[in-house]
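Notes for the one structure printed next.
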Amino acid sequence: MDHLTKEQIAEFREAFNLFDKDGDGTITSKELGTVMGSLGQSPTEAELKKMVEEVDADGSGSIEFEEFLGLLARKLRDTGAEDDIREAFRVFDKDQNGFITPDELRHVMANLGDPLSDDELADMLHEADSDGDGQINYNEFLKVMMAKRRQNMMEGHGSGGHRSSNSHKKSGCCGPNSSCTIL
């Protein structure tokens, strides 16, 4: 969370305090429900508890400010990553028709110095092409790239880590000179 500015932390503190109705330094599922209700949402108690559990790193049953900060920092990181992924998609989608065809994928990977065999191309398409139409649309590309990014972060490579092994490049990373090396 050291990448958040003092201004962002101050804004997030204000937001946290709006949720923390009783001022005890934690957000309970009940407090979360109150705020969501004021925003026109009506989640069930079970849904509220699940939301709290997803953020509650220490298992206390409520959300402390540090946990709240962690959630918001992840959301900010994911937003920036999606912009980079969108740009990478544009690079792959040579004719800008909204789809990456097998030929476009093969062409870009070859230009990145990583030509694909027929089997490797088939594997990449199989992994990404969830609707089975033989090409990759933006949502399919985004899903695969965000999953790769999360996997890399969990493996300790952070958002700037890039491994140069061919197996990694062929499973989602776009190469050292590409805008998607942050993945």
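For all residues, glycine too, the Cβ spot is worked out from N, Cα and C.
Predicted, not measured: the structure shown is a model, and the values here were computed from it.
Residues or ranges marked as Ca(2+) 1 binding site by Swiss-Prot on the basis of sequence analysis: Asp20, Asp22, Asp24, Thr26, Glu31. The Cβ of Thr26 (Ca(2+) 1 binding site) lies under 8 Å from the Cβ of Asp20, Ser60, Ser62, Ile63, Glu64, each of which sits 6+ residues away along the same chain.
Away from its own ends, the domain 'EF-hand 1' (7-42) comes close to residues 48-49, 51-52, 60-65, 68-69, 72, 76 of its chain (Cβ-Cβ under 8 Å, at least six residues beyond either end). The annotation domain 'EF-hand 1' is assigned in Swiss-Prot to 7-42.
With helix defined as DSSP H, G or I and strand as E or B, the domain 'EF-hand 2' (43-78) counts 25 helix, 2 strand, 9 coil. Look at Swiss-Prot and you will find 43-78 tagged as domain 'EF-hand 2', backed by sequence analysis.
Summarising the annotation, Swiss-Prot assigns S-palmitoyl cysteine to Cys173 (among others) and lists sequence analysis as the type of evidence.
Among the features that Swiss-Prot reports, S-palmitoyl cysteine is placed at Cys174 (among others), with the record citing sequence analysis.
Sequence annotations record features per position, and here Swiss-Prot assigns S-farnesyl cysteine to Cys180 based on similarity to another entry.
Counting residue by residue with DSSP, the domain 'EF-hand 1' (7-42) contains 23 helix, 2 strand, 11 coil.
Sparsest Cβ environment among the binding-site residues Asp20, Asp22 (other Cβ atoms counted within 10 Å): Asp22. Around the Cβ of Glu31 (Ca(2+) 1 binding site), the same chain contributes Phe19, Asp20, Lys21, Asp22, each under 8 angstroms and 6 or more positions distant in sequence. Same-chain residues with CB within 8 A of the center of the Asp20, Asp22, Asp24, Thr26, Glu31 CB atoms, the Ca(2+) 1 site residues themselves not counted, are Phe19, Lys21, Gly23, Gly25, Ile27, Thr28, Ser62.
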